[in-house]
Structures are given as C-alpha cells and as structure tokens.
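Copied from TrEMBL, the annotated features are:
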- 83-130: compositional bias 'Low complexity' (COMPBIAS)
- 175-190: compositional bias 'Polar residues' (COMPBIAS)
- 277-579: domain 'CDC20/Fizzy WD40' (DOMAIN)
- 1-35: region 'Disordered' (REGION)
- 79-250: region 'Disordered' (REGION)
- 330-371: repeat 'WD' (REPEAT)
- 414-446: repeat 'WD' (REPEAT)
- 456-500: repeat 'WD' (REPEAT)
- 548-581: repeat 'WD' (REPEAT)
Amino acid sequence: MSYSPAQSPRYGLRSSGRPHQGDVFGDRFIPNRDSTDLHAAFTMSDKQSRLRTKKRTDNLINDIRKQETDDAFTEILKAEMFPSQSPISSSSRNRSPMKSDNSNIPSYPSSSSLHHLPPPASTSSSSSSHHPSDRNNNALSLPPLPLHGTSTSGAGNDRPPGAGPSGSRYRSHVAQVSLTSGPSNSNNQRSPFSPPPSGNSGGNIYDSPSTPTKKRILNFTSPRSPRINGGLTTTDSLDDMSHPSYSLSPIGKESTRMLLSPKKTIRSISKTPFKVLDAPELADDFYLNLVSWSASNVLGVGLNSCVYLWSAQTSKVTKLCDLVRATSDGQELNDTVTGLEWTNQGSTIAIGTNSGLVEIWDAEYNKRIRTMSGHTGRVGALAWNQHILSTGSRDRNILHRDTRIPDHYITKLAGHHKQEVCGLRWNVETEQLASGGNDNKLFIWDKLNDQPTWRFSEHRAAVKAIAWNPHQKYLLASGGGTADKKIRFWNTQNGNLVKEIDTGSQVCNLMWSKNSNELVSTHGYSGGPISNQIQIWKYPSMTQIASLTGHTYRVLYLAMSPDGQTIVSGAGDETLRFWNVFQKAKGETNTYHNNGKGFGDGMGVISTIR
C-alpha cells in the first residue's frame, strides 16, 4: 500500500477520503527541512544550560529527603503545640512531676488480693471530719460510691479521723496493707466498698493504722490500669531517669522518640548507565519495537535490515539474519526490520518486516523456521501468548497466528483500529490482549474473540506504551503520545479507570518491575526543560523514585533483564544504555557475572552491537 505525503499516517494526517472526525495526532519524528546539523547544534549549545537541566534531575533525591524532613517537623510541631492530639497522656502533661498527691489514688484495687479488706461503715461523726477538698478531689477521679448504712459505734469500731472511703489516709493504708497481706479467703471476699461484718472482733485492723516497715511504699507492683494510680505509669515515676523532669531537651518525650526512630532509607539508583552499546542505524521511529530481551538472557536488536543478538553472559554479538536477499532471478530483495519479540520461554524470536511478512527464527541454531504472511503494511507490534503469536500492522489489523499449524493466521481482527496498530501486550495469566493504535484508542480483548471487551478513548495521542502489572491481576498501564503525555491505569475486569498522571512529556514505553510494585516509563518530546528521560515510579502513590537522563533523542525502546534488575533503553542517538534500577528478588543470585564476564566487562566503555 502506498501513501502520498498528504495522506501518509507517517505524518499523522487524515486521509482526504474520510470525513472529519477530529484531529488525530501522530508521534513520528518529522525530519528538519533545512540543512541544519542537529547533532552539531546540540554540541555547540550552551553547556551551562545543559548542566542546569542535569542538576534539576539529580536533585530529585534531595527533594524527597527535604519533604520527609518537613513532614517530620510538622508532626513534632503538632505534638508540642497540641498535646491533646498527641499520643502523650494529657494527664501526665498537666500534672507537676515533683508532686505526689495520694488523695487522687482510688480506694478500690484491681487485684483480688485487696478484696479481703472491706472498708468500715461511715458514720455521721467521722464523715463530718472529712475535709471538703478531699471529697471534691475524689469525686473527680473515683466512680460513684455505694451508699453505706450507718453502724453503731462500739469498742474497736471507732475509726481514726480521715479513715472513711474518701480519706487519703485510709486509701494509702489499704495499699500498704495489701503489700504484706497474704491470699484472702474466698468466702470473705467482698466488693471494695461493701460494709464490714456486723460482729466486732477485738483485733480490728482499722483500730491502729501503722506504716509497714518491711517494705518500701514505692516497691508495690504497677496496677493493671493507669487509673489505679491516678494516671501515673511506671515510666512517669521519678525513679525513672527518663522522666520529663530530668530531661534537658526543649521537646517532649514523644517528639524525641519520633526524631530518634529509624528512618526509611531511600534506595540509591545510579544516574549513569554502567554499560553503553553503540547501535548504528537504530531507527528513530515511534511506531517500531526493535529491542527485546529473552528469558535465556540474550538481547535482540533490529538495525535496518539486520537482527543482532548480544549475549549478556559472554558480551558477544552475533548476527542472526539479514533481510536483504538475492532472489532466484538475480535481483536483490530489500526489506527492513520493524519489530521483534522473543517467546515467553525458549530461543525463538519473531521478526516483523516492512513488507508485512513475519519470520520465525531459532536463535540457538541461527535458522529461519518459517515465514508467515497476512498483512499488507509493515508489522511493528508483536506479542506472544505461549504458541499464539499476535501481530499488529500499519494496515490497522491484528492477526492471531498459531505457530503449530501451517495456516498463516487463525483470527483476523479488522475494522476496529482506524490507524496503525503500534502497541500489543498479552496478559498470560488472564488471557487478555491489550492493543493500542495511532487512532488514540486502547482495546481489551478476551482470548481470541473478534470483538473487544473494553474500548478506552481517554487518550489524546497514539497509544504505544502498554504494560500489564505482574503483581495485580487485572491492572493495565497505558501511556499517550505527544498530545497526551499521561499514564493511565485501568481495571480490565470491570473497565474502570483507576488512576491517571500527567508526566509532562511524550510516553514512549512502559514496563513494570518484576520484583516490586514500581513502573518504568521512557519519554520523548516535552514542553518543559526535561525530555528524553527515563522515570521510575512507585505505584500506587506514583511518587517519582528516580529520573535517568543521558539520551539525546527520544527513548523509544525499552527492555528488561530476566531477573528484573537491569533495564536497557534505546534511542535515535543510536545507543543502547544499561541501567541498574531494581533490586533482585529475595533468594535470587545474579546470573549476569559468570566467570567475571557479562555486564561487568567494558564498564564505562562504549562498545558496538555489531
């Protein structure tokens, strides 16, 4: 199929034969019409301005730490200015730590060892001897007392002054006697304020209260409830050197504990790639997918008409194929690589071409297995689901191919996308396929059905960036192009939009971490000072963990190592850059430094992919 310059989707313009349905934004790089050397212009630009841009991205961690410091200061300020809202007990704040008022100690104990000590019945003569202040103080801290009947005054029943239920001397005496008293008889147990027995026995313990000498008063065990000792706890005791009275700090105990609590460490991510590969003729085309990393730890890269394989274990580069071939009649057949994708397991790779063909290759033996047709335009999007290979093309169709049978395809999804299909991703667990197109549409398909389950039209630019969350079953992330700049999250089980975030620049790729709930996004054109960057996000808060810069062109290609620790990015500046951004999973060893080889070789040295 041929296009005129005015009709070609290459420039994101509408075909003149279709009615106007709204502007459609394309994301292809439009070459400069004059003779300006963009690379030379970048080289001769003001270095100070570029350094300032780099400093902005390098200060991201400092900004995060400053925000954490501000939050901690705010919490401490609240604790000091509004003590009632802090976890510190308000009663201990309002009470002078150097004064001990036994009148506020309740007269009922919480342990059963005190139940055998019934208080005497109140009399009119003794109650009149109470001070009004004692009653008022006790009324604030004690529960309502049962009414006691009066008893006949007799020998041995005369209580000392202040020995009533509200007197402080009686309560301290009860606490003291409880220290030396043995276990009580269950038959004699009463409630704390039950009247004493009517009979008189000569040796009543209330006749001559005395201070025990065998034990110190402060040696009694801590009660179960803070109310037993008027709100004082063991940590508030003056015997404790951490008591606020001994503190020289201008802030309280809770604020000090908050400041001294361990802080969550920020993961350090290197801002420079540890390896750079030169990739000559790596296309600067938004709609192509030319980089893929296999489960067997081999990186495949499409450069013009060739596919090269780079082994992460040996750092060796081999040439898999060249699509420029001689025909039987002596003519030369020219074709270019527009997409490639490894199978989920094994060493089989699918290659999409500009002519619309799809080739299946065995990378272990450098052998082409078969060639499949079906598309009339270039094939830029490929996705595997076990033995099913799905391909998306500029002809706006999606083909499902079963590589076990001789048929070239088994299902054709036509008439849904109105422009080139540039994004395809299978969710192997739920068997859902997500497809994105240059028509700004995102479709969700169940298995091999010929009708989409969900149609999403919120994006305002081409949807190439698609990624399924490996940690949440039905969560899909999608990114829009230059006119959209947003990452959106979808629940493909109910079709709801979960969240969206404006990144400020064209979203070229999305990829989830295999070991944590974090997301990598690569970017291109931007209306701000930062562009062509790689960003690491923490989901679901979408806080930015790191921003990696270095590419001078749009970061159009992204792949991840099998262990999930390393990502590789590719751009139109014809470089592949390797970054260590994620931590390895627990119990997993590094498989990329065998015998001292692998990514460690050529550290900081630029080598070529071919």
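Glycine is no exception: its Cβ is also placed from the backbone N, Cα and C atoms.
Quick caveat, the model's predicted, so the values are computed rather than measured.
Remote same-chain partners of the repeat 'WD' (456-500), defined as residues 6 or more beyond its termini with a Cβ less than 8 Å from a stretch Cβ, comprise 12, 25-27, 286-287, 422-427, 429-430, 432, 434-444, 506-512, 514, 517, 519, 521, 524-526, 537, 539-540, 542.
Taking Cβ pairs closer than 8 Å, the repeat 'WD' (414-446) reaches residues 9, 12, 24-27, 286-287, 344, 377, 380-386, 388, 390-394, 396-398, 452-457, 459-468, 473-474, 476, 478, 480, 484, 490, 492, 495 in its own chain, all 6 or more past its ends. Here the repeat 'WD' (414-446) has a mean pLDDT of 98 out of 100.
Using DSSP to sort the residues of the repeat 'WD' (330-371) gives these counts of helix, strand and coil: 0 helix, 24 strand, 18 coil. Residue counts for the repeat 'WD' (414-446) by DSSP state, with H, G and I taken as helix and E and B as strand, are 0 helix, 18 strand, 15 coil. For the repeat 'WD' (456-500), the DSSP counts in helix, strand and coil order read 0 helix, 24 strand, 21 coil.
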